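Comments concern the structure below.
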Amino acid sequence: MQYPVDTHTHTVASSHAYSTIHDYLAVAKQKGVRLFATTDHGPAMADAPHFWHFVNLRVLPRMVDGVGILRGIEANIKNRDGEIDYFGDYLSQLDIVLAGFHEPVFAPSDKVTHTEAMINTIRSGKVDIITHPGNPAYPIDIEAVVTAAAQYGVALEINNSSFEVSRKGSEANCTAIAKAAKALGATLVMGSDSHVAFSLGGFDRALSIIDAVDYPKDKLLNRSPMALLDFLTLRGHQTVADFIPHFRDEAI
């Protein structure tokens with residue numbers, strides 16, 4: 001089954017990625033992906049796009065040939081206080097805000113520090129999805145993080161790329177996160193973390209985790225465009241109302 005939503009992609013605006021928006025649209029049409037988010041790295045990363053890149057995402061069309069393009073960012077968690085590298089009114093102009101740990105911005109430390117930073121990010125109200133929380137370089141108190149995510153309505157990502165090209169050793173942590181999410185009622189989302197368009201909508205390894213723990217598919221944000229749009233609306237992103245006329249008649 002091809003899930004029709006991908007919340008985590010990178011373009012050539014992040015110089016270690018290799019595809020354009022046009023490339024992603026072409027692959028989306030081929031694979032049946034109906035809605036994807038462009039989420040290049042936040043400006044604190046050395047090769048990330050300039051701040052203005054995110055401000056000017058407003059020039060992107062909402063829909064192209066039946067495919068929706070969400071304007072987003074994968075921000076960097078900067079410190080123990082859970083601060084990220086994108087701020088103020090500019091956040092309200094984005095459709096979706098992801099954030100996670102990245103070594104060039106937040107050096108790996110200890111479990112207590114990582115847990116506090118992640119929970120403070122969740123509590124901040126600025127971030128919709130925590131990316132690759134199962135990264136073994138950043139051990140966390142899984143139960144505490146998942147409890148906070150459930151309480152504050154923030155989704156946790158099962159990152160497909162973590163099992164294929166980066167963050168080796170993530171499988172055990174991601175399985176534990178998925179089990180805890182099922183038990184505690186937290187929302188999960190699969191992210192391709194695509195750095196080349198061919199990977200768009202690629203969730204095979206992440207889905208194997210979801211299936212292994214029998215996580216309820218009706219809580220998985222990838223299940224339909226409206227599932228994600230309803231989630232983002234509840235998170236306060238009024239901008240996503242632009243998409244609803246295009247998808248509201250589809251099953252959630």
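Along the chain as shown, residues are numbered 1 onward.
Placed from the backbone N, Cα and C atoms, the Cβ positions cover glycine too.
Swiss-Prot names H16, H195 as Zn(2+) 2 ligands; from the candidate set H41, H50, the record adds H41 to that same site.
The Zn(2+) 3 site in Swiss-Prot is built from E74, H102 plus one of H22, H132, H237, namely H132. Of the residues D110, D128, D141, D193, Swiss-Prot puts just one in the Zn(2+) 1 site with H8, H10, E74: D193. H16 (Zn(2+) 2 binding site) has none of the binding-site residues H8, E74, H102, H132, D193 nearby, counting only those with a Cα within 10 angstroms of its own Cα. Comparing CA positions across the binding-site residues H10, H102, H132, D193, the one lying closest to H41 (Zn(2+) 2 binding site) turns out to be H10. For H132 (Zn(2+) 3 binding site), the count of additional Cβ atoms within 10 Å of its Cβ stands at 27 [all protein chains shown].
Counting only same-chain residues six or more apart in sequence, the Cβ atoms lying under 8 angstroms from the Cβ of H8 (Zn(2+) 1 binding site) belong to A37, T39, E74, L98, I129, T131, E157, N159, G191, S192, D193, S194.
A distance of 15 Å separates the Cα atom of H10 (Zn(2+) 1 binding site) from that of H132 (Zn(2+) 3 binding site).
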